Amino acid sequence: MALSTRLTSSLRPALAALCWAAPRQCRGLSTPQRSEPSLDLGGIFPPLTTPFSPTQEVDYAQLEGNLRRYASVPFRGLVALGSNGEYPYLASRERVEVVSCVRRALPRDRLLLAGSGCESTQATIELTVSMAEAGADVALVVTPCYYRGAMTTAALVHHYTEVGDASPIPVVLYSVPANTGLDLPMEAVITLAQHPNIIGIKDSGGDITRMGLMVHKTRQEDFQVLAGSASFLLASYAVGASGGVCALANVLGDPLCQLDHLCRKGQWQEARDLQHRLIEPNMAVTRRFGIPGLKKAMEWFGYYGGPCRAPLAPLSPAQVEELRSTFSANGWL
């Protein structure tokens, strides 16, 4: 197992980006091997939920409790302040403190990816630097989307290039069209993959053809593709994805890590059987019931879910019963 470290500039925070070379025996069904990346993102990352108290304040004690439970799951690392972390609803100071809290609790051999995308390039750079100072290893930068009609390939390439140039830690692009209404154009991804500080993309769109083409078109670069959902994790690995950032990992972390293991070992039949059992629960805690459903399901598996921050509303009793039935029908409850 190769191990290397990324040196940081003396003008930047003294943060080392951990490098962990995971086995590459099964980087897709027949994808040719390429050189090991400078920072290996291979594996499963849960996009953490943000616990809130009954008065909707960030509950850092409950966050620490969830992190202690996750320590026994063989995750590659954690994502703080992704879509499932209710990132848009947190104040800037809360965002930084959440990342600081996660870093303090997270073993150094696990990566911490932190959401730092804002609508303006300047704000994104400032928050990315703050995330690095708080202990993040990688910045996860969602596409700016409020003026989506103006977000051309050229505009997005310029935005991410500026962020990549200024960031003291590596950057991962984040395309989540279900939330932003904007799919990061393929041309932009291919161009940005050539940037030395942009090391990958989390793609939550679910278009396997697009993901396979990304892997193919960036194969000569130090660039990795991460699946953004458990529903298409196996298919993503089959076309060469490195890992997954999956909401369902907050609930079923061990099974998702097992799916990752099976795919890497080429045990495709077992992987397919497991993938089938994960699709409906994943759809229930993402597309169907969203974060309120995810937090409710966490409570059934020993984690703190708690309330969402308004205007997100809790599930109705009928929705809770439907959610429980979905997990039960697939053998998880």
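Note that Cβ sites are derived from N, Cα and C of the backbone, with glycine treated the same way.
Sequence annotations record features per position, and here TrEMBL assigns active site, proton donor/acceptor to TYR174. For TYR174 (active site, proton donor/acceptor), the same-chain residues lying six or more positions away in sequence with a CB closer than 8 A to its CB are GLY82, GLY115, GLY117, LEU140, VAL141, VAL142, THR143, ILE201, LYS202, SER204.
TrEMBL lists LYS202 with the feature active site, schiff-base intermediate with substrate.
Here the Cβ of VAL245 (pyruvate binding site) has 29 other Cβ atoms within 10 Å, regardless of which shown protein chain they belong to. Among the features that TrEMBL reports, pyruvate binding site is placed at VAL245.
The annotation signal peptide is assigned in TrEMBL to 1-16.
The Cβ neighbour count for LYS202 (active site, schiff-base intermediate with substrate), using a 10 Å radius over every protein chain in view, is 27.
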